[in-house]
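Peer 1: Sharing a structure, written as structure tokens. Questions coming.
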Amino acid sequence: MAGAIIENMSTKKLVFLGFLIFVLQALSILIGALIAPNPTSAIHYVATKCINRQRARSWLMPWGSNPCQQVHSFDEPLAKTLDANDIVFAVHVPLPNMEMSPWFQYMLAVLQFDIAFKIINQIGDAVMITIDAGIAYRDDLMSEWTTKFRSMEQRPLRCIFTVPKTYENEGRFYQCDPIPLMELSTVAHKYFLINLRLPVNDTMNVGIGEIKDVHLVGIHQNGGFTKVWLSMKTVFTPWILVATAWYWHRISLMTRAPVLLEKVIFALGMSMTFLNVPVEYLTLGFEWTWMLLYEDIQQGIFYATLFCFWIIFCGEHLMDQSQRNRLSAYWWQVGLVVFGSAILLAFDLSERGVNLSNPFYSVWASEIWTKVSITFIMVAGISVSLYFLSLCHMVRCVFRNIGGKIQQLPAMPEGTRLHYKGVIFRFKFLMLVTLACAAMTVIFFIINQVSDSHWHWGVYTVQVHSAFLTGIYGMWNLYVFTIIFLYAPSHKHNAHTTTVCLTSCSILTDVTEKPEHQDTRLTCGEQWPTEAYRITGKVAEE
């Protein structure tokens, strides 16, 4: 074998491959923009005020064949005779004549309180609101409700009153922050019933103001987006898996042992395959509450592997032969990636790990855990920032290293010079594609944050958020496939390549006039991954 495919493939075939990758990338963006709906839906519910004088633990329905006794306003005469402990706020999910579906994947619930200002009943400072919460489910409208979970939860109540607190402004509403209520990692049933009670005694729910209404916003993944997402996973999984297996088969046919760069490319392909496997299909028939945590671990493994690959990919084209092919040479860069990943995993386990047993748990429920969570995110962000600074510095050094090789090209014969011009150009282009992939991720993220979730383009609705997700997902798969394919050992072997290798070795030695040490000499007969890998190491050594 002589080098990798990136060096031996004809220019015409490389251009065709690049055009094909570009078309597939555009197709992945268009699928999200024009075919997939918005990734999530947010449905607003107004909780029904049910009367529960006996204060029993039975489930109260806001509507249907057996609705609860209810009051429409706390200003009604009937409401004046009730105690705050007699009121249960009931929400049926979904709305009437609708059903939930396993295709929705997950469901979040967020509370919003309408609290009126009263001079004699104001909201206190740093007040906590206690919620007796319960959720039940059933799969047809005639069945009894099955209890899923009950919990007594506390949440910080953060509200501001934007006008002066005077008698003239009594009855105006506070502006309160949304309160996270629960997170279900699977939507395995058709109907859900949420009952909320705000128990009041001498120490509980004191100083929370005069609550008029309770609003609940239910957020779930759209079934149509799930189908598009799983379809893409179904296509990419066998593609990347076969490409990875083919790559390692090519490596195993070589007479030498795999080098570090080849091992990390194989690891990148395996992590991409692990991310691609559409395990979500099984959630359509099984109630797996750990799926969100599993998906986060999938993504974490892939991104950690990708970041490590970028560091090693650049570093292996910088070091001389005595330092190459050793993972320990990248201990601090890889350690930084592992540390940042561990921080994010700890943050994820602190919430979604506990959600496996208590869907009402939230790390944002207390000031201490809120500060700890923010600290986790900040530390991880600093780690990622340091990583990117290191990566940019290494890319700059790689290009400087290549620049040193370009200065030696005029001293070579014409055939050798043209060969190395092509090798260096292809390698530099691949490095620029790598940086473009990282830059596109950041750009798409910023656009996603500052723009609306959809644009109207003629008679079509362009889903920007969906296009962002499918585009980035497609981009990573296409990038990994390109690396695997282009860095696989080539089956071509010709006399010209061998002659070029021998000629360049002799010229490099003549130009530098340095004897090759036994530990660092570069033998042309050795089968390095690529010609760029060989010559950059030679220049670094010199």
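Every residue, even glycine, has its Cβ placed from backbone N, Cα and C.
Note that the structure is predicted; figures quoted are calculated from it, not measured.
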Peer 1: From 98-115, 260-277, which range did TrEMBL mark with transmembrane segment?
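Peer 2: Based on what TrEMBL states, transmembrane segment spans 260-277.
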Peer 1: What range among 121-142, 297-318 does TrEMBL describe as transmembrane segment?
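Peer 2: In TrEMBL, the transmembrane segment feature sits at 297-318.
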Peer 1: Restricting attention to the domain 'Wntless GOLD' (48-221), give the mean pLDDT.
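Peer 2: 90, rounded to a whole number.
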Peer 1: Is the transmembrane segment (297-318) packed against any residues at least 6 beyond its ends, judged by a Cβ distance under 8 Å, and which are they?
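Peer 2: For the transmembrane segment (297-318), the list is 259-261, 264-265, 267-268, 271-272, 274-275, 324-325, 327, 329-330, 333-334, 337-338, 341, 344-345, 348, 387, 390-391, 394-395, 397-398, 401, 427, 431, 434, 438, 476, 483, 532-533, 536-537, 540.
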Peer 1: Under 8 angstroms, Cβ to Cβ: which one of 228-248, 368-389, 467-488 has the largest number of such pairs with the transmembrane segment (260-277)?
Peer 2: 228-248
Peer 1: Short question: which residues 6 or more past the ends of the transmembrane segment (368-389) have a Cβ under 8 Å from it?
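Peer 2: Sequence-remote neighbours of the transmembrane segment (368-389) are 156, 307, 311, 333, 336-337, 339-340, 343-344, 346-347, 350-351, 438.
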Peer 1: Taking residues 6+ outside the transmembrane segment (467-488), which of them lie with a CB under 8 Å of any CB in it?
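Peer 2: Contacts of the transmembrane segment (467-488) (Cβ under 8 Å, skipping residues fewer than 6 from its ends): 4-6, 9, 17, 21, 24-25, 27-33, 36, 39, 228-229, 232, 236, 239-240, 243-244, 246-247, 250-251, 261-262, 265, 268-269, 272, 276, 302, 306, 309, 430, 433-434, 437, 440-441, 444-445, 447-448, 529-530.
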